[in-house]
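Chemist: What TrEMBL records for this protein is below:
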| type | residues | note |
| --- | --- | --- |
| DOMAIN | 90-330 | domain 'Anoctamin dimerisation' |
| DOMAIN | 333-935 | domain 'Anoctamin transmembrane' |
| REGION | 26-52 | region 'Disordered' |
| REGION | 114-136 | region 'Disordered' |
| TRANSMEM | 344-371 | transmembrane segment |
| TRANSMEM | 420-436 | transmembrane segment |
| TRANSMEM | 524-553 | transmembrane segment |
| TRANSMEM | 573-595 | transmembrane segment |
| TRANSMEM | 616-633 | transmembrane segment |
| TRANSMEM | 741-768 | transmembrane segment |
| TRANSMEM | 802-821 | transmembrane segment |
| TRANSMEM | 891-913 | transmembrane segment |
Amino acid sequence: MPEKKKKPEPTGNHVSVEMEMADMVGKPLGGQVGSHPLPVRKKSSESMTSDPDLYYSVEDLRSEPPPGEPVSNRIRPMLGQGKHEAGALFFKDGYRRIDYVLAYPVPRRKHPVKVEHKPEDDSSAFHPEGEDQKARRRREFEKNLIEAGLDLERDDETKDHGMCFVRLHAPWKVLSQYAEILKIKMPTKKIYEIKERAGIKAKAYALWRKTIRPLQPSAQAKQVDKEPYKHISYTFSRDKEHMFHIESRETFFKPSTRSLVVHEILKRTRYSQKDYAIGITNLIAQGVYTAAYPLHEGEFEGDTNIPPNPRQMLFDEWGSYSKFVKFQPLNLIRNYFGEKIGMYFAWLGLYTKLLIPSSFVGLIVFLYGVFTMDDNVPSDEVCEAYNITMCPLCDRECKYWRLSDSCKSARFSHLFDNEVTVFFSIFMSLWATWFLENWKRKQMELNYAWDLSGFEEEEEQPRPEYEARLVKHRIEQSDKTKTEKKVYVSSILYTVSLSKSIFKDHFEIVELGEEVKLPKKQTLFAVGVSSVTILTMFTVTLAAVFAVIMYRLSVASALAIYPNSGQIVSGTAVTLNLIVILILDEIYGSVAAFLTQLECPRTETEYEDKLIFKLFLLKFVNSYASIFYVAFFKGRFMGRPGQYIYAAPGLRMEECGPGGCLYELCIQLSIIMAGKQLIQNNVMEIGMPKLKKFLRECTCFGLCKERAERAEDKAGPRDTRWEEDLVLEPFSGLSPEYLEMIIQFGFVTIFVASFPLAPLLALVNNVLEIRLDARKFVQELRRPMAERAKDIGIWYNILKGITKISVIVNAFVIAITSNFIPRTVYQYMYSPDGSLHGFIDWSLSTFNVSDFEPGSEPRDNRSLGEVVQFCRYRDFRDAPWEAEPYKYNLAYWHIFAARLGFVICFQNVVIFLKDFIAWLIPDEVKEIKERQRREKRIIMEMLLEEERRMRQHYYATDHHHSNGKISQNGFLENHLASEFASAEEFDANSIETQV
């Protein structure tokens, strides 16, 4: 046997491997980290060359280090820069950070489960498996994760039952590799000063920043002070690692970026020999794992004497109700939750801020109606119309009534149906365009500040579900033809680069020019099923509205003999309608998710777009169907006295109440909007996560019992971070959050002509909504996986569509629902003195009670103390003594033409003004465009300088050539070795090829 070399004694600051390892794990060399052995490098040439510094064997650590290399440097890439508290956010060694956690249940059993490696058949791929099969899949999945480069630490499975956790850590090698693949921009060493322009505009901007400084969060205010200096960001590259501002490899990548990298690996890793067994999503769906999530940064409430962690800072600066007047700490939100969530809260903050001027104008419109209520001529005429007898509102049971009985409702309707309402509708249409244009500018500023420029150039990878269905389809086709075929998985280059380690053992990967897709038959069938289902859901919504109408008609007929029964019927009907809307909203959310899964979109963006579109269609119709009915259909198709139209035998189509249709539209809109915001947006957002957390604690396979025992034993160990995060509510995406605000945006813009206080109500709700969402994200939800996004996606197009719909709807509300057009026609065409005196009498038609259909006349013809011969009703028809009684008169056609002309003029004028405002506000911020050009020029100069310097070094190595080759001790080799951060990235044998 060869003589064993004697290890050198440690000198200076160098420590032996045994000493560092003993300090790391608290055990002699060869021990275990917790219950999982230290990662061991496989003795294969493939693993040695692909990832040499991540996996170490005991023999590697015992061997003598190369001359001049400190022993500690051999394990430092694996362990990190400093030791931390074990069990919090790090492995038990105290060095490696926990980037992701997998949880799975260990069921109660009498005897240990013996895992036998049996061949798996394809038929059980998507069916419930036994625990032994789940254990095999977990082992295969975790083995593939280790091969992908991740470090794992897992719990023992020796306990009787409970939850087991697998903690994942991404070493520097994996992080740097995926940062390059994902094209993540990181700060370089190059710093430049942001010089502000001189002039009046710059001074005004500086004064504005100084004014709003007290509104900035304390953490954000410190960043504003550093704003004049900025690190230039560049897409990360391992070949240019020396160019980046790396103070520490452990902190160079944010925790959100680290979790993003691990999530990409989890999505692409196989878990069995089946060809379509890919990804953590399928494993969770099959019950192999219960959850997969990144950890929160400690507790959200802690000791005030120590520096707060990011979670505490967010809770104090963002989730505190006492700081509702301050801006949101967007940079903290982005660093903790990722750009996608940060973009949503930036949009919500801008929307809430711009609601302030619209709320102020809406309040002025309302106050104008209050102050002019007593001076309104039509309202005065209604209150003084003691001698005008109105026709009954229903058959048989309803009585004749005086027009003066509707005095209060006439006064109330003037608050919203007045001359200023038209101008407020125009203002809100222009405000919506102003908001969207400002958001585009804000979006550009965020893209620049968050280094998202160029993000759209990436090609998005297919979803694991899409790839699984594609491979499954190819396998089925192969089985049908009974020919031996190899399955070619053709995807984009980005997917191939991520998936080679996953598919290489079972598939032949070929990069073809044309991408393989699912057959059109499957796609068309899924789209057809979705279309039919959505139309069916529309029918259900309309049926619900019709059911509420029938309820209103039947109850109104039954309670007609009681006074004030109309208010009771209207109130209960609107409340019932609100309950139906809330119930159908929950059902439609599940239906939209199921239909989108059935269509199996290719990428995550396509999946989200299809899901959002379905959710918006279903919930838009559900939320606004009853409002559209009141605005445009109620009272329009009821007929006239003597010729009523009936919805059912004995139940005629309802007409608007004494206050008019706009009065009922205002009541309907305010109750639905306030109810949805109070119940759905606030109460359910607070209560449901807490309720689900309680239920999850009691159903997590004994975890609740374990935590209760620890709480009783105060001297015992505390709950770990991953156990506390497991019982939190999983993050279900931003679609529900966006959808709430989009529906609210529709209330604010589409029907604002009937309810000018809608912006104020939305403003109050959003101020609370931001703090409630902040507490929910920080306190009640598991930490979401950080995702990148350069905009709000399809929601912008939906907002743009709503602004266009709002112009049309408001035009018709003013023209048809309100009395603005009839009042204007009367004042300028029929009034003898150009005023509104006599308008009420002019707008009412006369009916001879002897013309009632048999069985529809009131039972009591003397309810008002006298025999009624004629009654009045709202319409423009000829009197019964005319040549053609009850025919539409000339005033009806004048009003009809005026309404049509108003709609056309209103739409064209508002659309022209909207386009003018959109042209007036530039989409791009000129200053940011100049900064981007300057940064590109600096980056280009830096790269050219680096290339020039490298060439000079290449030419300087001519005197080291020997027999046409470069000496391995030459200057170029030393320079390259010093430039690259890790030794595995430098291959001395490849220098000749590079030159």
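Even glycines carry a Cβ here, placed using N, Cα and C.
Can you walk me through where each of these features ends up in the structure?
Modeler: The domain 'Anoctamin dimerisation' (90-330) scores a mean pLDDT of 78 in the predicted structure.
Counting residues 6+ beyond its ends, the transmembrane segment (420-436) has Cβ neighbours under 8 Å at 350-351, 354, 357-358, 361-362, 365, 368-369, 748-749, 752-753, 756, 759, 796, 799-800, 802-803, 806-807, 810-811, 813-814, 818, 820, 906, 909-910, 913-914, 917-918, 921 in the same chain.
Sequence-remote contacts of a segment are chain residues at least 6 beyond its ends whose Cβ falls under 8 Å from one of its Cβ atoms, and for the transmembrane segment (802-821) they are 378, 417, 419, 421-422, 425, 428-429, 432-433, 436, 631-632, 660-662, 665, 742, 745-746, 749-754, 843, 895, 898-900, 902-903, 906-907, 910-911, 914.
Remote same-chain partners of the transmembrane segment (891-913), defined as residues 6 or more beyond its termini with a Cβ less than 8 Å from a stretch Cβ, comprise 426, 429-430, 807-808, 810-812, 814-816, 821-822, 824-825, 829-830, 842, 875-877.
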Chemist: Which stretch from 573-595, 616-633, 741-768 shares the most C-beta pairs under 8 Å with the transmembrane segment (344-371)?
Modeler: 741-768
Chemist: With the transmembrane segment (616-633) as the reference, find which of 524-553, 573-595, 741-768 contributes the most Cβ pairs under 8 Å.
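Modeler: If we count Cβ pairs closer than 8 Å to the transmembrane segment (616-633), 524-553 scores highest.
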Chemist: Quickly jot the same-chain residues contacting the transmembrane segment (524-553) by Cβ under 8 Å, restricted to those at least six beyond its ends, or write none.
Modeler: 569-570, 573, 576-577, 580, 584, 588, 591, 595-596, 598-600, 614, 617-618, 621-622, 625-626, 629, 647-648, 651-652, 654
